[in-house]
Ligand code: ADP
Ligand code: C5P
Ligand code: MG
């Protein structure tokens, strides 16, 4: 706040409140900033105290005090906290009777008062204003003890701040919630997620895509191509588990055994590895998570912990083709599970445990399926179209 800015208080008695628009228009025309506005109801005690703080009354005014209190308490008053350089001069010009020029000439003895009334539609004694630094501050503090006027300005006005940030997104969230065909069991939780996902003050959300398919369907191969074209970060759940196993982690032996048997490692271990790996990639635009969620409960746990995803890309490939590819890969991969015995177990796990995930998300329209039995290039041609579409959404 610059030194010559000052705050003032205007209190409209109830009989003047309905005409506030004209007064506010004039104030704004004079570059007065309205930093706070509230309708308040004064009881007799508060009205009395306000009048004491407002001015030391003259004898005549003291005699009229009862009437004034009655005027102030008959309904809600309107209080405006205003800010401007040389505020007192401006308010005097606007509200002192002899400075008000009426649109129509008033007649009779009390021409100046008539001029005020004609312009604003109420007599001048229905508006109280104080601009004297101490006096205004006392009145504002009395009426609004929690209002911190020093932190208030056009750019730091709570109502304006909310109007430009939270209100639009909250309105759109509530609208979406009303439109949902299946209403969520926990609407506040749903709304919270919506607000986080659509928060305009946060950097653009990193998109998450899952890639599923049977063992050998080509997940890793296709992800490598997507990384090159779409600059996504590829995280393979299987690769992370193998790395964890080799790192000498306490879970290493269990992971080793489960991988050889084609079993699914407990979700919390995999999700923790994925979450850590994602946090390390702060620069990426999005994630391709390959080989996950392999089990239905992993999907829910991940969404709760990390967030929503765009879709699951499902590579559909006949078992005989996958087996051929894996046996070929096994010639050089060095993987403990690229042998016929492990491969067969992996197929069984895929059908029994992972296909229900595929079907669940298909039914929720969060799955895109591609025929992965074709050549690498043919498969990729289909896949990339989904990512191009998702990028433009
Ligand atoms: P996944 O990650 O799903 O287990 P990979 O991408 O590692 O599958 O592919 C398994 C093997 O099959 C690899 O040796 C790879 O080179 C080969 N492969 C991948 N896609 C195709 C394809 N469309 N046609 C033929 N071979 C493929
Ligand atoms: O995806 P990939 O073929 O590399 O996975 C190898 C093995 O890693 C799986 O057969 C399974 O034992 C384990 N895995 C898991 N949970 C995942 C992904 C992989 O247990 N989400
Ligand atoms: Mg793979």
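Every residue, even glycine, has its Cβ placed from backbone N, Cα and C.
Note that TrEMBL annotation is computational and uncurated.
Remark: residue 217 (ATP binding site) has 315, 316, 317, 322, 372 as non-local neighbours, by Cβ distance under 8 Å and separation of at least 6 in sequence. In the three-state DSSP scheme, residue 217 (ATP binding site) falls into the coil class. As annotated by TrEMBL, ATP binding site applies to 216, 217, 218, 219, 220, 221, 329, 374.
Less than 8 angstroms from the CB of residue 264 (ribonucleoside 5'-phosphate binding site) sit 258, 294, 295, 298, 349, 353, each of them six or more residues away in the same chain. Feature annotation from TrEMBL assigns ribonucleoside 5'-phosphate binding site to 242, 263, 264, 265, 291, 292, 293, 294, 335, 346.
Annotation comment: TrEMBL describes 328-338 as region 'LID'. Sequence-remote contacts of a segment are chain residues at least 6 beyond its ends whose Cβ falls under 8 Å from one of its Cβ atoms, and for the region 'LID' (328-338) they are 215-216, 242, 256, 259-260, 262, 346.
In the three-state DSSP scheme, residue 291 (ribonucleoside 5'-phosphate binding site) falls into the coil class. Across the region 'LID' (328-338), the DSSP tally of helix, strand and coil residues reads 6 helix, 0 strand, 5 coil. DSSP gives residue 264 (ribonucleoside 5'-phosphate binding site) a coil state; it is part of no helix or strand.
Ligand 1 lies within reach of 216, 218 from the binding-site residues 216, 218, 242, judged by a C-beta closer than 6 angstroms to any of its atoms. Of the candidate binding-site residues, 242, 291, 293, 335, the one lying closest to residue 221 (ATP binding site) when CA atoms are compared is 291. With a cut-off of 6 Å between Cβ and the nearest atom of ligand 3, the binding-site residues 219, 220, 293 reduce to 219, 220.
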